[in-house]
């Protein structure tokens, strides 16, 4: 079984472009759930460029599946997570100047801080995931922090400019997923996945969940939000079924 986490950040981006109350990220999340989303992902960035603080509690109370909060490794974000108590937290690297998350968390470099955050979040019943590059040493370090989940960064695969590079990156993702599962980790993946490139990743049996946002929101402008979610989920399920 492959799960779909729908990232609703860019619904908030559209809302914030005009400073209005619409479109509502919460309404989008509820539509996504009815269309087959298994969880809702949102990223409260330090610059609040899309999701705002007020969105968190409303989202937590409204959705019926799981809330996956992406957050930077800062005390402010830890406090927010401990206040809202999402079911899941994914710790991600963050740079103010980037358009979107550009790479994986350096777990080896920030090991002690990550382990401390992980302990505090888990003490409140929150499942902790670390967003990392598909690298053996980062996976092993992630396991040693006490985190039970890793999310593999698929950006290099998604942005590959040639078939050979794409296949090389897919092999890295597949190998990393096997390493993670062998260590007892739950392995998720995401970043840059679209309707055109999702199936090879969804076919990797060791991967439990894919988190996808921009492609779904963009496609929703043409076909509607629920159909966009259903189409993505169908592609994922088809790929996993064919790989079985």
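Using N, Cα and C of the backbone, Cβ positions are placed for all residues, glycine too.
The following features are taken from Swiss-Prot:
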type: BINDING; residues: 7, 18, 192, 213, 214; note: 3-amino-2-oxopropyl phosphate binding site
type: BINDING; residues: 9, 10, 45, 50, 100; note: 1-deoxy-D-xylulose 5-phosphate binding site
type: ACT_SITE; residues: 43; note: active site, proton acceptor
type: ACT_SITE; residues: 70; note: active site, proton acceptor
type: SITE; residues: 151; note: site 'Transition state stabilizer'
type: ACT_SITE; residues: 191; note: active site, proton donor
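You'll find the Cα of residue 9 (1-deoxy-D-xylulose 5-phosphate binding site) roughly 18 Å from the Cα of residue 151 (site 'Transition state stabilizer'). Spacing of residue 18 (3-amino-2-oxopropyl phosphate binding site) relative to residue 45 (1-deoxy-D-xylulose 5-phosphate binding site) is 19 Å (Cα to Cα, whole number). In the structure shown, the C-beta of 70 has more C-beta neighbours within 10 angstroms than that of any other entry among the recorded positions 9, 70. Of the binding-site residues 10, 18, 45, 50, 50 has the largest number of other Cβ atoms within 10 Å of its own Cβ. Cβ neighbour count for residue 7 (3-amino-2-oxopropyl phosphate binding site): 26 (other Cβ atoms within 10 Å of its Cβ, all protein chains included). In the structure as shown, the Cβ atom of residue 43 (active site, proton acceptor) sits within 10 Å of 23 other Cβ atoms.
The secondary structure of residue 43 (active site, proton acceptor), as reduced to three states from DSSP, is extended strand. For residue 45 (1-deoxy-D-xylulose 5-phosphate binding site), the spatially nearest entry among the recorded positions 70, 151, 191, 213, 214 is 70, judged by CA separation. The most crowded of the recorded positions listed here (191, 214) is 191, judged by how many other CB atoms sit within 10 Å of its own CB.
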